[in-house]
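Working notes, beginning with the structure itself.
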Amino acid sequence: MSIEVSNESGIDVSETELVSVARFVIGKMDVNPGAELSMVLLDTAAMADLHMRWMDLPGPTDVMSFPMDELEPGGRPDAPEPGPAMLGDIVLCPEFAAEQAAAAGHSLGHELALLTIHGVLHLLGYDHGEPDEEKEMFALQDRLLEEWVAEQVQAYQQDRQDERDRRLLDKSRYFDEP
């Protein structure tokens with residue numbers, strides 16, 4: 001899976017975290033592991049321009065998605081395996097997202113992870129134009145975010161335990177040559 005990130009926003013964000021959450025969602029949604037995704041981070045002026053040009057709406061927004069190939073999660077079990085495809089582009093505005101994060105009482109990293117999930121789901125055909133669609137998409141988005149955060153916490157705890165184990169073994173000189 002290829003995920004490219006281009007940060008043109010002027011705001012320092014963890015590209016590694018963005019790739020991690022995108023990769024997690026793509027995997028959970030059974031998208032071909034050879035799929036490609038492009039993520040672009042823009043400042044508010046550039047995002048406002050894009051928002052007006054594509055959605056005919058004034059001002060910046062938090063996330064926009066531009067699907068390339070029509071991909072859907074899962075599929076019929078007897079269907080032939082689709083080949084790798086270009087999912088599309090997700091455009092994020094960290095400055096706008098920071099305002100939303102402050103209003104919601106969580107970190108910019110949390111907000112960008114949420115918006116990345118939102119963007120990937122749009123690329124996979126999910127929408128929130130109708131109440132039923134919104135309920136389905138937002139429930140899935142929340143579940144995926146919760147699962148990704150749990151996976152990150154577990155990996156962090158495992159890394160800490162591995163480090164403690166390594167230090168203990170070093171102190172015991174268990175691996176010293178006789």
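Note that Cβ sites are derived from N, Cα and C of the backbone, with glycine treated the same way.
Taking a C-beta cut-off of under 8 Å and a sequence gap of six or more, His122 (Zn(2+) binding site) has these contacts in its own chain: Ser65, Pro67. The secondary structure of His122 (Zn(2+) binding site), as reduced to three states from DSSP, is helical. Marked as Zn(2+) binding site by Swiss-Prot on the basis of sequence analysis: His118, His122, His128.
Swiss-Prot lists 159-178 with the feature compositional bias 'Basic and acidic residues'.
Swiss-Prot lists 156-178 with the feature region 'Disordered'.
Look at the binding-site residues His118, His128 and count other Cβ atoms within 10 Å of each Cβ; His128 has the fewest. Same-chain neighbours of the Zn(2+) site beyond His118, His122, His128, judged by a C-beta within 8 angstroms of the site's C-beta center, are, in sequence order, Val63, Ser65, Gly119, Leu121, Tyr126, Asp127, Met137, Gln141.
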